Every structure is written in C-alpha cells, then in structure tokens.
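Pulled from TrEMBL:
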- 34-362: domain 'SAM-dependent MTase RsmB/NOP-type' (DOMAIN)
- Cys153, Ser154, Ala155, Pro156, Gly157, Ser158, Lys159, Asp186, Asp242: S-adenosyl-L-methionine binding site (BINDING)
- Cys296: active site, nucleophile (ACT_SITE)
Amino acid sequence: MSNKGYSDLVKESKLFEKYYKEQNIVPVEEWELFMEYLKQDLPSTFRVVGVSPYSSSIKEFAKETESVTVYLNENSEEMDNLIKEIKWYPKGLAFQITKSRDKLRRSSGVSKEFHSKLVMMSDGGSIMRQEAVSMLPVLFLDVKPNHYVLDLCSAPGSKTSQIIEILQSEQAVTGEYPKGFVIANDLDTRRAHMLIHHTRHLNSPSLIVTTHSADHFPDIYLSNPSSESLKEKFYFDRILCDVPCSSDGTLRKNPNLFAKWSISFSLGLHRLQRNILLRALSILKPKEGLLVYSTCSFNPLENEAVVSSVISSLANRGIHVEIVDPLTISEISKDVISKTKFGRGISTWRVPIPRKQLKKNK
C-alpha cells in the first residue's frame with residue numbers, strides 16, 4: 001500500500017509535455033501558463049436546474065453567497081469569494097466555487113455550512129454538480145422544445161439533463177409536454193443506470209434510455225399511416241457525440257493521469273471515435289440537422305483528425321458535411337464565445353508511429 005496522498009502526487013509528465021509541444025496545441029508563449037494551470041486544483045462548479053420550482057430562490061441564495069469571502073487554503077491568508085457566477089452560462093444559472101470539491105468537502109465554518117446546503121440541494125434535484133467545460137457542448141447544440149435529440153454516449157447524464165431542461169423550458173408557460181424528446185444512449189448498463197439516477201428529478205416523459213454500441217446505433221423506422229408496408233427512416237434534429245476518449249483534458253481533476261499518460265491511448269481510440277461520428281452523421285437530419293462532436297482530450301488525433309477524416313471520407317462518397325461557425329449557431333453560442341477565451345482548431349498535427357510497427361518495418 002502506498003501512503004502517497006492526493007497533494008503528494010507528481011503533477012508532471014515529460015512525455016506529455018514533449019508530445020503536446022510538438023503538436024502545437026497552444027501558442028509557444030502560452031505554454032508555461034498552460035502547464036501552470038494544469039497543476040492547479042479544479043474548482044467545483046454547479047448549475048441551477050432551470051425547470052426546478054425552486055430555481056429562483058436557489059439562484060437568489062447563490063447570488064447572496066457571492067459576497068461571502070473565505071480563505072483559499074487552511075494555511076493561507078489569501079481570500080476570495082466563496083462562489084462566483086459563471087458569466088457565460090445563460091440566465092445566470094451556473095456558479096463556480098472557489099475551492100476544489102475535495103477541499104470543500106473537508107472544510108469548516110462557512111464553507112462547511114455551504115457544502116451541506118449544496119449537498120441537500122443536489123440530492124433534492126434543484127442543482128446539478130457539473131464541470132464548467134461539460135456545460136459547453138449542449139449550449140452549441142441549439143436544442144428547441146420540438147427537436148428529436150440523440151445523446152449518443154450519454155452517461156453519467158449531466159449533459160442529458162441539460163437537454164431535457166431545454167426541451168421542457170416552455171412547459172411552465174404552455175402547460176403542455178414538449179413535442180421533442182431525447183434518446184440517451186450508453187453501452188455500459190451500469191453507467192446507463194447512473195444516468196437514470198441523475199435525471200430522475202426531472203420526471204421527464206421526454207427521455208428514452210438505450211444501451212446500444214454507439215458506432216452501431218440502429219436505424220429507426222416509422223410506420224407510414226397511408227401504408228402498412230411502407231416505413232420511413234427516422235432522422236434526428238440534433239445529435240451530441242461526446243465520445244469515449246483518453247481524458248487527458250481532465251488532469252486537473254485526475255492528476256494521477258500524469259503518471260499513466262501514454263500516446264497509445266489516443267492511437268487506440270481514433271478508429272472508434274471516427275466510427276461513432278460516421279454513424280451519428282448517417283442518422284442526422286439532412287440539411288437542417290446539427291451535430292456537436294466533443295471529447296475531454298487535448299489530443300488532435302481524437303479531435304481535429306477524427307473530424308477531418310470523417311469529412312474527407314464522406315466527401316469521397318458525394319456527401320457534404322459543413323463545419324459550422326459557432327458564432328452563427330444561435331444567440332446563446334454567440335454570447336458564450338464573446339465571454340470566454342476560445343482557440344481555433346489546428347490544421348496540421350503529427351501522428352506518432354507505434355514502436356511495434358517500427359520494429360516490423362526494420
């Protein structure tokens with residue numbers, strides 16, 4: 001057994017740094033700052049469930065708590081606000097807690113009292129504990145209450161919850177259930193069960209949970225009222241592809257990944273990610289459909305390379321796929337871009353050759 005604690009973890013990897021420097025994922029002048037932030041604890045974040053009957057009072061409570069200041073660390077004299085509003089999230093419903101989840105759990109005084117209330121609100125389904133970066137993909141999906149949505153790799157369900165809330169956003173005014181729905185799919189049945197647990201507070205008839213392999217998600221056919229023999233293929237208005245990935249973008253939350261990091265993680269996932277994206281595009285509504293592809297990885301082999309490969313492959317078959325400028329998707333996406341720091345994707349990247357393949361070629 002190792003006695004090494006969380007704070008004793010070595011938050012560095014020479015291989016990680018060498019690889020990503022060569023990939024030029026951030027400007028050279030920002031590299032040191034990039035690595036500095038990777039070694040900092042990830043602040044806790046949460047969002048108020050917009051369709052909760054208590055959303056207004058919880059938002060008011062959060063706003064009042066913004067003025068409370070606390071010590072950042074036990075042995076530090078540095079102070080900051082306990083929580084801060086995440087300015088880019090719509091309607092002021094998301095907040096960042098100055099302390100990391102681990103430190104908040106072990107805190108005392110006003111921080112401990114706040115943590116207890118946070119747990120109570122989370123258990124009651126009035127707030128959702130969700131990382132800030134995890135909130136972004138759905139905001140670019142431009143979901144409407146009448147849309148048919150597929151969340152292809154959905155567990156543990158925080159993004160699915162966001163989608164359901166948007167679908168039900170007009171219910172309080174109209175008194176009617178939305179015409180749209182979301183199919184939340186995840187191959188892992190245990191994770192799918194977790195998804196159901198995380199979305200249960202919404203009591204939504206607009207949620208369907210499936211457990212298919214994402215790259216082989218089945219075609220859906222609808223009966224034609226005018227003919228028993230004819231069936232129409234069903235297409236989705238919106239698809240979220242938050243695909244399985246190497247997760248090295250979560251190093252601040254999982255610093256143990258520094259020691260485990262390997263180039264082989266991304267090489268092993270590229271084909272699966274590509275197949276999932278291809279499958280998703282085949283069931284997306286032509287012309288009007290919108291798809292968001294996302295990972296929690298820095299690696300261009302899992303991001304730009306996947307998207308580029310799929311677009312080229314489909315173009316060779318006469319199928320045109322357009323990359324949409326996020327500034328043109330909706331007012332929400334435009335507002336998010338204006339209030340955050342975004343970098344454009346890279347157009348060239350290096351593909352490492354596995355050692356086994358090098359040996360074979362010798």
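Just so you know, glycine gets a Cβ as well, placed from its N, Cα and C.
Recorded features from TrEMBL, shown on the structure.
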residue: Cys153; record: S-adenosyl-L-methionine binding site; Cβ contacts under 8 Å, 6 or more apart: Asn185, Asp186, Ala214, Cys241, Asp242, Val243, Pro244, Ile276
residue: Ala155; record: S-adenosyl-L-methionine binding site; Cβ contacts under 8 Å, 6 or more apart: Ala184, Asp186, Asp188, Arg191, Ala192, Met194, Leu195
residue: Gly157; record: S-adenosyl-L-methionine binding site; Cβ contacts under 8 Å, 6 or more apart: Ala184, Met194, Leu195, Ile196, His197, His198, Thr199
residue: Lys159; record: S-adenosyl-L-methionine binding site; Cβ contacts under 8 Å, 6 or more apart: Ser134, Pro137, Val138, Asp151, Leu240, Asp242
residue: Cys296; record: active site, nucleophile; Cβ contacts under 8 Å, 6 or more apart: Val133, Ser134, Cys245, Ser247, Gly249, Thr250
In whole Å, the longest Cα-Cα distance within the recorded S-adenosyl-L-methionine binders Cys153, Ser154, Ala155, Pro156, Gly157, Ser158, Lys159, Asp186, Asp242 is 13
What kind of secondary structure is Lys159 (S-adenosyl-L-methionine binding site) part of, going by DSSP in three states?
-> helix
Tell me whether Asp242 (S-adenosyl-L-methionine binding site) sits in a helix, a strand or coil according to DSSP.
-> strand
For the recorded S-adenosyl-L-methionine site, whose residues are Cys153, Ser154, Ala155, Pro156, Gly157, Ser158, Lys159, Asp186, Asp242, find every other residue on that chain with a C-beta no more than 8 angstroms from the centre of their C-beta atoms, and list them by sequence position.
-> Asp151, Thr160, Ala184, Arg191, Leu195
